[in-house]
Amino acid sequence: MTVPTTILGQNQYGKAENRVVKITRDGATHHIRDLNVSVSLSGDLDEVHYSGSNANVLPTDTTKNTVFAFAKEQGIESAEQFGLALARHFVDATEPIRTARIRVEEYAWERIATSEGEAPHSFVRRGQETRTAQVTYDGSTVEILSGLKGLTVLNSTDSEFWGYIKDKYTTLKEDYDRILATEVSAVWRHGWNGEDDASAPDWQSSYEGTKALMLGAFAETYSLSLQQTLYRMGSQVLEGRPELEEIRFSMPNKHHFKVDLEPFGIKNEAADGAVYIAADRPYGLIEATVLREGAEARIPLDLTNL
Ligand SMILES: O=c1[nH]c(=O)c2[nH]c(=O)[nH]c2[nH]1
């Protein structure tokens, strides 16, 4: 082997975006789980980079096959459970693989309502958020980050923004009754570390409970800034969900500006029901982590790939 004058840094590999759909039949009633699963493995993999020896490489093609085989053999209970089964398999069954990171996006379907009631095997894709999960396993410890993205919410009042710094470039008018809208991306970290399967959270109810607390706090906070609303959402989640240690949000401020209709002699006031222009870009971007006191901040700062 030639001695490299460069050295290999962090590396990982796997099959990204395995789109797996599992149907479960319960008599005539069918159930659907629809996931996008990305596998990323690391371990004793220097040689494949240095010399091209594939002796320690489990092909990405095999990782893809494993995703589909596990969906059939074990079923898909939740994004987290499925990710955990895969992560444990890759590390525990393949000696050179030391760490597995499984990312899952889940797309929700709901039953179509017909005049006969809920259709047993006809579904419409739900337009709300995408659920996410990331499972990392290093042979001893599990870390599970659950989350969501694309959850768009709006308060048509109970939002103000005033009292901010004004310098020579400031043109923004103080607002005492504005629309507050955002598209929530959030990732939350579970305290459970995989040591005791019996004490694992109920992933489904944990997800639903977290989302409900987040939405409740958004609706119930009288907001003086999106930052304040974000913090309230995070603290309400952590107070209500003891299984969680920290939560991070990325929330674009989806500005709605009152249109100036004065040139047409028309008053356009929030108090009378106003007309707004929903601005697309640029947008304010408010991001923060909320932690349980004493917890470590481990969620990555950039949520875009989670
Ligand atoms: O909720 C807000 N936070 C800000 O930091 C900010 N900045 C701004 O121009 N509008 C807003 N709104």
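Numbering starts at 1 and runs along the chain as it is shown here.
Each Cβ is built from the backbone N, Cα and C atoms, and glycine gets one as well.
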Figure out which of Gln81, Gln204, Gln227 sits with Thr60, Asp61, Phe161, Arg178, Asn253 in the urate site per TrEMBL.
Gln227
Between the recorded positions Lys15, Thr60, Asn253, His255, which lies closest to Gln227 (urate binding site), Cα to Cα?
Asn253
Just the number: how many Å between the Cα atoms of Phe161 (urate binding site) and His255 (active site, charge relay system)?
12
Proximal but sequence-remote residues of the same chain as Arg178 (urate binding site) (Cβ under 8 Å, at least 6 apart):
Ser159, Glu160, Phe161, His256, Ala270
At a 10 Å cut-off from the C-beta of Phe161 (urate binding site), count the other C-beta atoms across all protein chains.
18
Anything from the recorded positions Lys15, Thr60, Asp61, His255 with its Cβ under 6 A from ligand 1? List those in sequence order.
none
Return the residues near His255 (active site, charge relay system) by Cβ distance under 8 Å, restricted to its own chain and a separation of at least 6 in sequence.
Ala181, Ala278, Ala279, Tyr283, Gly284
